[in-house]
Amino acid sequence: MTVAVLAVAPVVLLTLFVGVRGVAAMRTTSDFLVASRQVSPLLNSAAVSGEYLSAASFLGIAGMMVKDGPGALWYPVGFTAGYVAMLVLVAAPMRRSGALTVPDFAEARLASTVLRKLTAVVVLLIAVLYLVPQFRTAGLVLSAVSATPYWVGVVVAGGVISVTLALGGMRAATYVQAVQFCLKLLLFTVPAVWLTVHAGAEVRQQALQPVEFERFEERTRVEFRIGVTFRITEPTRIHRPGGGARVLHPGTHQVRAGRTLVFPAGEPVPHVGSGGRPGGERWQRPLLDVADAGHPLFGTWAVLIATMFGTMGLPHVVVRFHTTPDGAAARRTAALTVGLLSVFYLFPGVYGALGRVLLPRLYLSGGTDTVVVALPARVDTGWAGTLFTVLLTGGAFAAFMATSLGLLLVLAGAVSHDLAPGGLGRLRGTALLAAAVVILLALFAAPLETNILVTWAFTLAAATFCPLLVLGIWWWRLTAAGAVSGVLLGLLGSSAGIVVTLFGPELSGWWAILLAQPAPWVVPLAFGTMVLVSLRSGFSPRARSAMLRLHLDQRTTPDSGR
Amino acid sequence: MSEGKRVPVMSPQTRMARVRRVSRTHWSAPPLGTAELERAAQLYRAQRFHGAITLSGLVLLVFGLPLAQVYLPVVSTLRVAGIPASWLIPVLVPFPAMVLLAWRQLRRAERLERHR
């Protein structure tokens, strides 16, 4: 409990403090949504990075590495590549459009109210899909480092960010995210170095020579925080914590959430899923075999397509570019962000490699997402271990909050600026209401895999907003009809794939990979639909100048003044 | 003091702004002049050309590296300072390369806008 309070209290207080300071400076919708467009490139790029380094980056990559091997290191490559593409294709022209939100841009460029409403609905979907796993991980991490129930972390994270946002809007969000970027960078890099040094030469050596986790080397206690199905191939002895042993026969076994099993030393390690155990074959060649389909190269490409094109279309990232004074500053923001993210992403691999040696049991309990915060206590049982647990938990909490702030902001913007326009009061109210809804959703989301929801959000962004922005900015022949049909097909295609993966029958081979990670077909489909339908529909005589305007480096960039 | 209604005192601009806030008519920018349109078209073409070069580099880098891991057998056996090269490749190659690409693209884009 002390660990949780020590770690979370400073981050929460800092966030609220910055939020309260922003109250006085806010008068209009523009203040709330884009901080009056007065944010400098350096501050903004820190805020973009702070917002972008979510639970997935702070905890998820290391966790995936423990589970799936070093192939997980391709995720950050796709994330960062998205910003390079953003710098080239989106940043400056997008800012020059003078829009406040992505639906605003769609309407300004293509003069279609239908498109505006449709894109607002997509923003809503992406924001909810992305927010739920943030809150979920907040709950899981707090319960992992102390004895708090799952709902405490969810409610604390949700409550703090909604109040901060309702009070301080984008200006508060900007400062909070920028401060939290520095915090996260510090709280991620310093413990990584300490862990590497403190783990000792033997562990370092083992980390670099992966051996499959076949048998428990010591008596291992596994707490199943979520329900897990595992498969065993030879009789395995287990103990209950209260005493009493039994032998599990070969076959599949289900463990309900909340159970604890103790495996004696020397017993074989059960298999979870079909992807092999930590340290196995996957550690020899770092690629991502999506859905265990047996096509690792294609799987890696599919993930890279989803993350790279998805980043370009994530509405909470795009809206950050609107807070800069002009197009050139937006472009500088994107370039600086590439640098800042590149520094951070040098480190997740360290946690993953150490986690495989020291905490392979997390693979069994489905708790690999907590590997980062669980490592210090494994390396050092004294005060130093506790201190670094506190630091890493604080950093992880900063990660959820910075990302959630941005997402809640676009959620509030989509509802009360794009769908049902209202003033500042309604925006504030919506922020609180939306947070309440997401908290409720997250309370029931504990058994869902973070990865699936985040993949869904990224693929959705890649198949809807990415083609809309890229074609809207670089192809004047794009029409409203083309954009609407492309966005609709992208939405349906990516959602169908994920829904089948979640609720449909077990698939294998190409079908499994193309449905679990639909980006490789759904992104070209959305682009193609937009082009074909646009070519067959009539264009407005002002379309060409509407597009060219986005490329004109005016000294004073227009503000829609809404 | 007791007679009449109390009326808030505000500048005409504030009153207009308060009235306008509720109405949401579509905002459209004034049309561009011929000279501006010409300059915008030039910038558009130049930026498109340079952007395409950067993007090609990015795509080659990001999608080529996993390919190299599959088709260059040397990668899976090589170790640098004890660390498997195949683990270092997704970290130490793409990030510095992307920082360089981004920096170059930024310089290009800004120079184009200054010179035209």
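Using N, Cα and C of the backbone, Cβ positions are placed for all residues, glycine too.
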Of A:21-42, A:483-504, the range TrEMBL tags as transmembrane segment is A:483-504
Given A:114-131, A:151-169, A:333-354, A:427-446, the one sharing the most C-beta pairs under 8 Å with the transmembrane segment (A:483-504) is A:114-131
Maximum Cβ pairs under 8 Å to the transmembrane segment (A:510-535) among A:73-93, A:151-169, A:452-476 is reached by A:452-476
For the transmembrane segment (A:151-169) against the transmembrane segment (A:387-415), do we get 3 or more Cβ-Cβ pairs below 8 Å once near-sequence pairs (under 6 apart) are dropped?
-> yes
The answer for the transmembrane segment (A:452-476), taking Cβ pairs under 8 Å and residues 6+ beyond its ends, is 56, 60, 89-90, 93-94, 102, 105-106, 109-110, 119, 122, 125-126, 129-130, 132-133, 305-315, 318, 445, 482-483, 486-487, 489-491, 493-495, 497-498, 501-502, 516-519, 522-523, 525-527, 530-531, 534, 539, 543-544, 546-548, 550
Checking A:114-131, A:181-201, A:298-321, A:333-354 against the transmembrane segment (A:73-93) for Cβ pairs under 8 Å, the most are found for A:298-321
Contact set of the transmembrane segment (A:298-321) with the rest of its chain, CB cutoff 8 A exclusive, min separation 6+ beyond the ends, reads 33-34, 44, 47-48, 51-52, 71, 74-75, 77-79, 81-83, 85-86, 89-91, 94-95, 100-102, 123, 126-127, 130, 287-291, 330, 333-334, 403, 406-407, 409-410, 413-414, 455, 457-462, 464-466, 468-470, 513, 517, 519-520, 523
- Could you tell me whether the transmembrane segment (A:333-354) and the transmembrane segment (A:114-131) have 3+ CB pairs under 8 A, leaving out pairs under 6 positions apart? no
